[in-house]
Amino acid sequence: MECGVACFKPRALQCCANMAAFVAFYCPPALLTSALIMYIASQITTLEKYFGFSSAQSGFLLSCNDIGFLLSTLIVSFFARKVHIPRALSISTILYGVAGFVCTLAYFALPRHKLIELDNQPITMEANDTMSTTYRPNTKSFSQMCSDIPNTNKSMSECSTGTDHKVGAPTQYTTSALVIVAIGMVLQGVGKAPRQPYIVTYIDDNVDKQKTSWFLGVITGIGIFGPALGFGLGAIFNNVFITLEDVSIGIYDVRWFGAWWLGFLFFGVLAVISAFPLCCFPRRLRQKSEREAKAKESGKHKLPVKEFLSSVLRIISNPIYMCQLIATCIVLFLIGGFISFTPKYLETQFSIPPWKANVLMGSMSVLSASIGSIVGGGLVSYLKMSPYACIRFIFIMNIVTTVFPVTMLFLGCPTPDIIGFNVEKINNNSSSSSCSFGCNCDMTDYFPVCGSDGNNYFSPCHAGCTKTDIMTFRDCRCIDGMNGTATSGLCPTECNMLWPYMIMSFIGSFLMTLCILPGMIFQIRSVSDKDKAMAVAVSSFLSTLLGWMPGPVVTGKIVDSCCKMWGSSCYGKGACTLYDNYDFRFLRHIVEIAAKVVVITLYFVTMMLAKRKTDWSTGDRVYDKDITNEEGDELMNIKTDRKDAIENGHLEKK
């Protein structure tokens, strides 16, 4: 029970041989690893544009994290009481860092398109070059200008010379990029498998029962700040051009790509560094109780496989545990899918850049979840909530929070009107039916511009622009007669629904995350002590299999179904370039409302079953026929306190 490694156990380290110190040193790895999980969600839009991924493919990448988790969680959890938990957590954190390094290979190992800027002083990215070179193209090579050259000839010329205006990886490398990032995400999943079962077991075995929820609440709360960190740094890296060089194009330009790879490298390095202090903590921080020693002694004569199967069978045959777990899986299905695509939803629905969407996600939604989990843990500890009180609290919170998706169904913005796509404009100075008639505009290459008349145009060509000067397109015959100008990107929207939507999201996230710790306590108290670690493992396994893993894939399919226009390149179909805002908003929230109804029903059934339960994980008979449920709650707390006092030697057993 001393801190150190092997024979190196200096006296100066022994002040750290307590749970408070362990939690303090574990919080940085928990923060960084949870940040790395969500960092990729902050880069979904960039990765889709850069590699030509569909949202379904992006969802698959996010699910690869859960595939790695599923492949290892049950085996890892089975050995929770047989391994040195702090050192196992240290190794898993290092594996997280390695996973981040693997993801960066998708940038460094694959060739990239050239970038043509319109100021005749471009920075280009040559295929097979890891650093960019400079050359001076003629602006005529930019195909989106109004020209008498047929767009078919222009596209063929660009494909043969590689001088199109795209900057991402050529789409023939989409599969290669998908495989590389998927491998990194699978490694992340393997690395996160030990976290929850090992942490719960280590804390619950080394502190008084009433303090378990407090320490778990601190770690969970700090861990939830990880996504806030991930989204926050995602916003910063989105404002840095992918080559880390200065370029004249702005963040609203369709050719802008943030340095998505930099975040994986950043979190990977810090995760590896923060892992080393954990290996210095002892296997146990206090002596085993008499009950734990007897349980271990009785388990020595059991075959590992038989013990494993018996434990799993006892858990899945527990109706209270399983009913609550199914409800949790549905909730995590929604969270796993929606949080992955929320930055994309905000960008699309409210016409904001990726960096702003990530700042909002990190500062509001994720921050509210962090505060909620800490407050929830404090409520359980301060009020000494019994398992029944925990499930009753969860049931009430789910009813209350149903109002939020219903309200947010009406908080959104319309799909932008884009001349040349869903709106036609007649030029009064021309006899043609369309002012861009004769410009040979390419309808497969979306390059939106904002005209000086306040209208959006599909491309400079559709605005009738014939000249360009840096990022301003001039002599646009569709804008203000013949002298109009246009700039890259969509015009600012007059829709003011963003902040009402974010406020509702903040409150809803806070109220729902109050249920995290009550749910964890209810879960581990609904099974026997010997099945505690396995119960957490089974919960993690099924929550991932039925919740976290399919959530992003199904949500990605839903997002793709809202696409109005798919991008294209020399090598085939690319990412979606324009969504139907109404369909996106309606499908996102109507699915959440339907799932809420099912979840509330399941929690109600769980609450009714828990009301009749007569024993919890302490082994005491709590609820008798002649006492009320509230009296039973109080009696259970008294008996739990007495048992802990006996185990700690503060009270003699009669």
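Cβ coordinates are placed from backbone N, Cα and C, and glycine is handled just like the others.
Marked as domain 'Kazal-like' by TrEMBL: 429-480. The helix, strand and coil residue counts that DSSP assigns across the domain 'Kazal-like' (429-480) are 0 helix, 13 strand, 39 coil.
What TrEMBL lists as transmembrane segment is 19-40 (among others).
With a cut-off of 8 Å between Cβ atoms, the residues of this chain six or more beyond the transmembrane segment (60-79) that come close are 37, 40-41, 47, 53, 88, 178, 181-182, 185-194, 197-198, 304, 308, 336, 340, 533-534, 536-538, 540-541, 544-545, 548-553, 556. Here TrEMBL flags 60-79 (among others) as transmembrane segment.
The transmembrane segment annotation in TrEMBL covers 91-110 (among others).
Marked as transmembrane segment by TrEMBL: 173-193 (among others).
The transmembrane segment feature in TrEMBL is assigned to 214-237 (among others). Beyond its flanks by at least six residues, the transmembrane segment (214-237) meets 19, 23, 26-27, 30-39, 41-43, 199-200, 203, 207, 258-260, 262-263, 266-267, 339, 343, 354-359, 361-363, 366-367, 369-371, 373-374, 376-378, 380-381, 513, 516-517, 520 of its own chain at Cβ-Cβ distances under 8 Å.
Among the features that TrEMBL reports, transmembrane segment is placed at 257-281 (among others).
What TrEMBL lists as transmembrane segment is 320-339 (among others).
Among the features that TrEMBL reports, transmembrane segment is placed at 359-383 (among others).
Sequence annotations record features per position, and here TrEMBL assigns transmembrane segment to 390-411 (among others).
Annotated transmembrane segment per TrEMBL: 498-521 (among others), in sequence order.
Look at TrEMBL and you will find 533-551 (among others) tagged as transmembrane segment.
The list of residues near the transmembrane segment (586-605) in space but at least 6 beyond its ends in sequence, with Cβ under 8 angstroms from a Cβ of it, reads 323-324, 326-327, 330-331, 333-334, 338, 345, 391, 394-395, 398-399, 401-402, 405-406, 408-409, 558, 561-562. Sequence annotations record features per position, and here TrEMBL assigns transmembrane segment to 586-605 (among others).
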Within the same chain, the residues 6 or more beyond the ends of the transmembrane segment (91-110) and with Cβ under 8 Å of it are 29, 32-33, 36, 40, 51, 130, 169, 173, 176-177, 180-181, 183-185, 187-188, 190-195, 242, 260-261, 264-265, 267-272, 274-275, 278
Near the transmembrane segment (533-551) in space but 6 or more residues beyond its ends, with Cβ under 8 Å, are 63, 65-67, 69-70, 73-74, 76-78, 80-81, 193, 196-197, 200-201, 308, 311-312, 315-316, 321, 325-326, 328-338, 340, 523-524, 526-527
Same-chain residues at least 6 beyond the ends of the transmembrane segment (173-193) with CB under 8 Å of its CB atoms are 33, 36-37, 40, 47, 51-53, 57, 60-62, 64-73, 76-77, 92-93, 95-96, 98-103, 105-106, 109-111, 264, 540
